[in-house]
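**Student:** Not my notes, these are from TrEMBL:
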{"type": "TRANSMEM", "residues": "26-51", "note": "transmembrane segment"}
{"type": "DOMAIN", "residues": "41-290", "note": "domain 'G-protein coupled receptors family 1 profile'"}
{"type": "TRANSMEM", "residues": "58-79", "note": "transmembrane segment"}
{"type": "TRANSMEM", "residues": "91-120", "note": "transmembrane segment"}
{"type": "TRANSMEM", "residues": "132-158", "note": "transmembrane segment"}
{"type": "TRANSMEM", "residues": "200-225", "note": "transmembrane segment"}
{"type": "TRANSMEM", "residues": "237-255", "note": "transmembrane segment"}
{"type": "TRANSMEM", "residues": "275-292", "note": "transmembrane segment"}
């Protein structure tokens, strides 16, 4: 209790999607399938890249890192949501909410910056194909990946600190299925205008800057593709970029809508649905997009399963 006889919130209640048991049971089955498919799909890519020496290249190192990010990303929110869909209580402690917000933010910001790294990889591969492995040596690859992780965790630390240091002394029902920043911040019992502006500036820097760098990379890539004389060469170059552009669009579009706007336009029910696209469907989409369009991944899968040796036998 404070001096003004106010009780401070020590736990939150995550409202989720529905209070109807039948609806929650259906949602449980759907989201369980999505979660298992995401973990298995991304886990398979990590395993194939690690086991197949022919995939030990910068492109597949980055793809393996993206899969690790997606596995961690979806595991931050989905298991708890699945438990809450079947449990009678949807309570999460203040400390757990703070930790979930931090980890989710760290992974999402890391993925934001890491898409820039992957765009740079495609830029070097298409614009400087003969110097690809020289420019993107293993030392640079590791530094780029590590830099993305450091940027993500440091930025999320600021975001979480600003949000969770606000006084929460009134309602504790979060209209979301996990502790997302705007959802929790709307419960603060003080004017959040300053914090909101700081958060908006951080969001703009961490979303607009990566998008701008990605667009700049693909402008250079488009110019290089137009200089390729053969139609087959152009198609191959475009194909190598299509997967990356697909997952970037599905990730950035909903994330930009959620975080790059003032708190006054906050719409809980709509935000929950939009959040699913980048927190659940994007991790599911990534392995599908990259594996279906990638002959090297298919070949590595057949090799690991034993079919490759059979096909190359007498």
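Here the Cβ of each residue, glycine as well, is placed from N, Cα and C on the backbone.
Note that TrEMBL annotation is computational and uncurated.
Each of the listed features needs to be described in terms of its position in the shown structure.
**Tutor:** Below 8 angstroms of C-beta separation, residues 17-18, 60-61, 63-64, 67-68, 70-71, 74-75, 78-79, 81-82, 85-86, 280-281, 283-284, 286-288, 290-291, 297, 300-301, 304 of the same chain, each at least six residues beyond the ends of the transmembrane segment (26-51), sit close to that stretch.
Averaged across the domain 'G-protein coupled receptors family 1 profile' (41-290), the predicted model reaches a pLDDT of 86.
Remote same-chain partners of the transmembrane segment (58-79), defined as residues 6 or more beyond its termini with a Cβ less than 8 Å from a stretch Cβ, comprise 31, 34-35, 38-39, 42-43, 45-46, 49-50, 100, 103-104, 107-108, 110-111, 114, 117-118, 121, 125, 132-133, 136, 138, 141, 145, 177-178, 279-280, 282-284, 286-287, 290, 296.
If you look at the transmembrane segment (91-120), the same-chain residues 6 or more away from its ends with a CB under 8 A from one of its CBs are 9-14, 62-63, 65-66, 69-70, 72-73, 76-77, 80, 144-145, 147-149, 151-153, 155-157, 159-160, 163-164, 168, 174, 178-181, 184, 206-207, 210, 213-214, 217-218, 244, 247-248, 251-252, 255, 278-279.
Sequence-distant contacts of the transmembrane segment (132-158), counting only residues of its own chain at least 6 positions beyond either end whose CB sits under 8 Å from a CB of the stretch, comprise 57-58, 61-62, 65, 102-114, 117, 120-121, 124-125, 202, 206.
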